[in-house]
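Q: The following block contains the structure, expressed as structure tokens.
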Amino acid sequence: MPEVVDTCSLASPASVCQTKHLHLRCSIDFTRRVLSGTAALTIQSQEDNLRSLILDTKDLTIEKVVINGQEVKYTLGERQSYKGSPIEISLPIALCKNQEIVIEISFETSPKSSALQWLTPEQTSGKEHPYLFSQCQAIHCRAILPCQDTPSVKLTYSAEVSVPKELVALMSAIRDGEAPDPEDPNRKIYRFSQKVPIPCYLIALVVGALESRQIGPRTLVWSEKEQVEKSAYEFSETESMLKIAEDLGGPYIWGQYDLLVLPPSFPYGGMENPCLTFVTPTLLAGDKSLSNVIAHEISHSWTGNLVTNKTWDHFWLNEGHTVYLERHICGRLFGEKFRHFHALGGWGELQNSIKTFGETHPFTKLVVDLTNTDPDVAYSSVPYEKGFALLFYLEQLLGGPEVFLGFLKAYVEKFSYKSITTDNWKDFLYSHFKDKVDILNQVDWNTWLYSPGLPPVKPNYDMTLTNACISLSQRWITAKDDDLNSFSSADLKDFSSHQVNEFLAQMLQNAPLPLGHIKRMQEVYNFNAINNSEIRFRWLRLCIQSKWEEAIPLALKMATEQGRMKFTRPLFKDLAAFDKSHDQAIRTYKEHKASMHPVTAMLVGKDLKVD
């Protein structure tokens with residue numbers, strides 16, 4: 001088979017050389033907003049007569065490159081937009097196959113690094129100390145340090161990080177001690193070790209006034225002190241989720257499973273950084289109702305972090321399997337009907353994404369072609385929900401959940417510590433179900449994997465928990481003005497928060513509604529008083545799409561007081577599409593841009609066609 005090319009990386013491919021270990025020594029400078037230090041990369045040649053190699057960098061200043069104590073020649077290539085600049089390093093000796101060399105690169109990041117957000121004290125809960133966090137997925141690790149920034153290469157790492165002594169540093173690794181910085185009594189050095197090989201997008205760092213509380217035998221929850229108690233309560237189910245995940249996926253090999261609750265500008269719901277999952281504070285609903293995100297990040301400890309997509313074209317392998325595991329964890333905890341309820345909700349989200357892109361858009365394919373495309377721009381619910389739908393469909397085709405979970409466990413065992421493509425997955429599926437090849441051959445593989453739009457088949461879903469949401473949404477959609485008095489707060493008295501959210505998702509698929517309906521909905525249900533972020537998000541979108549001017553300040557507030565892109569991007573888009581809030585939306589974006597996460601700022605700017 002031809003070699004799979006990672007079009008998102010400018011570095012030498014895994015077939016030429018492979019980074020085996022990184023030792024990072026760095027110092028965090030909050031005044032200049034830079035990370036500076038040395039990255040010592042242990043690189044193994046994969047061919048004979050290797051005389052030079054290329055690494056990814058982005059907005060890095062390179063001070064020198066040293067091999068065996070000697071400075072060597074290097075060339076920093078021209079910037080290639082979102083891909084950054086390749087650095088070509090000349091080797092002092094030609095390497096033969098499997099020979100290893102340590103390359104020590106002294107570097108400094110840019111204050112504009114796309115991987116880092118630097119927060120002022122005012123942007124934190126405590127208001128006293130600055131804060132730094134990283135987000136490397138998909139291709140931002142190169143904006144922190146020179147690397148082969150591709151998920152096809154896995155490495156172990158160790159680190160020593162110097163920070164102001166009143167702050168705490170954490171990484172996606174096992175904590176390995178702390179000591180005063182011998183070079184500066186006002187600083188402290190934190191040490192870390194990650195002994196499981198990982199793709200470099202899983203390297204992560206946070207520095208802030210962090211505290212922790214133990215919530216399980218292998219779990220501390222970390223945050224600023226203002227959020228610690230609330231977070232400990234919200235995520236108390238973590239250990240029971242981990243145990244179920246081990247039952248489904250095999251032993252948890254990472255040792256620690258800590259959680260970090262970040263400041264509100266964190267751009268994602270969660271990030272599966274090994275040993276330290278990062279999560280958004282928008283999960284702090286007060287009733288544990290958004291804990292499926294924790295189940296999702298836990299599941300990545302197997303699908304994504306152990307078995308990894310070889311390139312970002314195959315991102316669905318990470319996310320589809322992880323959503324599949326996540327929903328099984330929630331099913332074990334809350335019942336099979338609940339699993340089906342969320343599965344069907346996911347199909348609705350897939351419909352929304354396809355409607356947003358357009359049904360022929362290439363980003364609606366399961367396997368995408370990211371040649372000359374920034375993965376951040378292509379990102380959507382498609383790899384998650386189209387991927388899940390394929391696995392859920394296969395489950396139903398091949399004999400049910402137990403049968404398919406058997407496949408999943410075997411898949412994890414087969415491909416642990418490797419990076420794979422969709423073809424590798426499909427070949428293994430066929431070999432695992434070799435007695436059911438006739439059934440597998442009924443699958444319209446080409447449409448499922450490589451065609452845009454909705455899948456060719458919709459799986460079967462148990463409707464028990466969804467029916468109440470549908471019937472209430474249908475009542476509202478069909479109601480005439482005279483019927484509005486028939487609604488009351490009693491409509492929702494038997495609804496879980498998940499069902500309230502699904503009801504609003506149904507309404508949103510039928511937006512806009514007459515303004516009178518929206519005002520009546522607020523009168524009887526008082527949705528403005530609900531702080532659950534998922535419910536509030538859908539309610540405010542429904543209000544803006546139905547052109548309720550009174551909701552404009554509330555929607556602008558939600559779009560800016562947190563930065564989870566799932567919420568911020570659609571809210572800004574809806575506000576910009578409403579003539580009464582268009583100018584205000586653009587003005588608000590411009591005012592907040594400098595304090596937004598760099599990726600969020602870039603994508604909202606694209607959405608609003610600003611810049």
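Please read every residue number as a count from 1 along the shown chain.
From the backbone N, Cα and C atoms, a Cβ is placed for every residue, glycine too.
So Swiss-Prot lists these for the protein:
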MOD_RES   K73  N6-acetyllysine
BINDING   Q135, C136, Q137, P267, Y268, G269, G270, M271, E272, R564, M565, K566  peptide binding site
BINDING   H296, H300, E319  Zn(2+) binding site
ACT_SITE  E297  active site, proton acceptor
MOD_RES   K337  N6-acetyllysine
SITE      Y379  site 'Covalently modified during suicide inhibition by leukotrienes'
ACT_SITE  Y384  active site, proton donor
MOD_RES   K414  N6-acetyllysine
MOD_RES   K573  N6-acetyllysine
Q: How many Å separate the Cα atoms of E297 (active site, proton acceptor) and G270 (peptide binding site)?
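A: So the Cα of G270 (peptide binding site) lies 7 Å away from that of E297 (active site, proton acceptor).
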Q: Would you mind pulling the DSSP three-state label for K573 (N6-acetyllysine)?
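A: K573 (N6-acetyllysine) sits in a helix per DSSP.
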Q: Within 10 Å of H300 (Zn(2+) binding site) (Cα to Cα), which of the recorded positions Q137, Y268, E272, Y384, M565 do you find?
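A: Among Q137, Y268, E272, Y384, M565, the ones whose Cα sits within 10 Å of that of H300 (Zn(2+) binding site) are E272.
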Q: Cα distance, K414 (N6-acetyllysine) to H296 (Zn(2+) binding site), nearest Å?
A: 21
Q: Cα-Cα separation of E272 (peptide binding site) and K73 (N6-acetyllysine), in Å?
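A: Here the two Cα atoms are 37 Å apart.
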Q: Y384 (active site, proton donor): which of the binding-site residues Q135, E319, M565 is the nearest Cα neighbour?
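A: For Y384 (active site, proton donor), the spatially nearest of the binding-site residues is E319.
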Q: Using the alpha carbons only, what distance in Å do you get between Q137 (peptide binding site) and Y379 (site 'Covalently modified during suicide inhibition by leukotrienes') once rounded?
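A: Per the Cα atoms, Q137 (peptide binding site) and Y379 (site 'Covalently modified during suicide inhibition by leukotrienes') stand 11 Å apart.
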Q: For the Zn(2+) site (H296, H300, E319), what does the 8 A shell look like? I mean other same-chain residues with CB within 8 A of the CB centroid.
A: G270, E272, E297, S299, T303, G304, N318, H321, T322, V323, L325, E326, Y384
Q: Compute the C-alpha separation of K73 (N6-acetyllysine) from Y268 (peptide binding site), stating it in Å without decimals.
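A: Per the Cα atoms, K73 (N6-acetyllysine) and Y268 (peptide binding site) stand 39 Å apart.
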Q: Looking only at Q135, C136, Q137, P267, Y268, G269, G270, M271, E272, R564, M565, K566, the residues listed as binding peptide, what is the longest Cα to Cα distance in Å?
A: 18
Q: If I take the Cα of Y379 (site 'Covalently modified during suicide inhibition by leukotrienes') as reference, which of the recorded positions Q135, G270, E319, K573 has the closest Cα?
A: E319
